[in-house]
């Protein structure tokens, strides 16, 4: 990652100042990697390909990471997220099946409404985060992380078999589509030119199937991983390059890669699975208690409920917090210390914020240190420096909601 990307000199960032939350997953090796339908398209547009979660993906293009980041905040960028696992759960018992695996209230979702939810284990740990949409076509559309592809698919398939053996009506299919994310304040304006549907009627976390720039059967979901307005478009694989090319014809749109995606999501206070949350983190510790459906909390019928629900009502030993500092950027694994110099926690993600011109990070600290404004120390390159607990998101989000 450090060799693959150079930050913009305008912020005075050094080469190592990249969002290394992704560092463990990044590699320049291209051996035995999956390729998205846009692989050749990325190369043709100057994409610098790296290994990420078993896939060959662009970390950036000809623009610097910071230029891509700021273009997304001011205009809009196109990201290839085809590595994500897309699945369809169908049958009369589809809601019961998914609710046996996640913490959310899937039954309350209106047609074409979606929600962020979490797969959990019996110890209350988070197995993955996912977006679930209750489609009007009679199935659940699920998007989960590429890094958890095998684990998530096995989890769902095993549960489907268990339900089928009990006589339940349920099935699962992997959706072999590409997935494109158009993100930024002008994303809806750009997309509106290629669709007949009125996107003003498609608010955040809702979805619809429509023709997009001549490609029929696309599922457009108003969501994303940047904190900006935008959509994710599930498009038939054979039409992915056509759609990407059509979107890029608008001068508002530029391609962006993994580096910008990571710093954008960090400014927005969004978790990266495997760094900020994992099987040893509960939703409450991860400051994701809001994902638990009210009905689900009351009846405590999701995996790990006996651990998680009491945490909502009492104290937890640690919580995920935001941190801001100046000086050297905080990185994953940087120790967090009390003002007395005692180690109390660890940074899980960190990078310089192109928007704030300060360093931002997430990490876990004991609950008594989690109040915004709390002064702490962080150790970077064996030197201690001041940091302050901050509310998240660090940069205000701009999701489109109906007034």
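One-based numbering along the chain as shown.
Positions of Cβ are set from backbone N, Cα and C atoms, glycine also.
According to TrEMBL:
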type	residues	note
BINDING	232	substrate binding site
DOMAIN	38-293	domain 'GCVT N-terminal'
DOMAIN	318-395	domain 'Aminomethyltransferase C-terminal'
SIGNAL	1-23	signal peptide
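Residues belonging to the domain 'GCVT N-terminal' (38-293) score a mean pLDDT of 98 in the model. Within the same chain, residues at least 6 positions away in sequence whose Cβ sits under 8 Å from that of the residue listed as 'substrate binding site' are 81, 143, 179, 180, 181, 182, 220, 221, 223, 224. Mapped onto DSSP helix, strand and coil, the domain 'Aminomethyltransferase C-terminal' (318-395) counts 3 helix, 45 strand, 30 coil.
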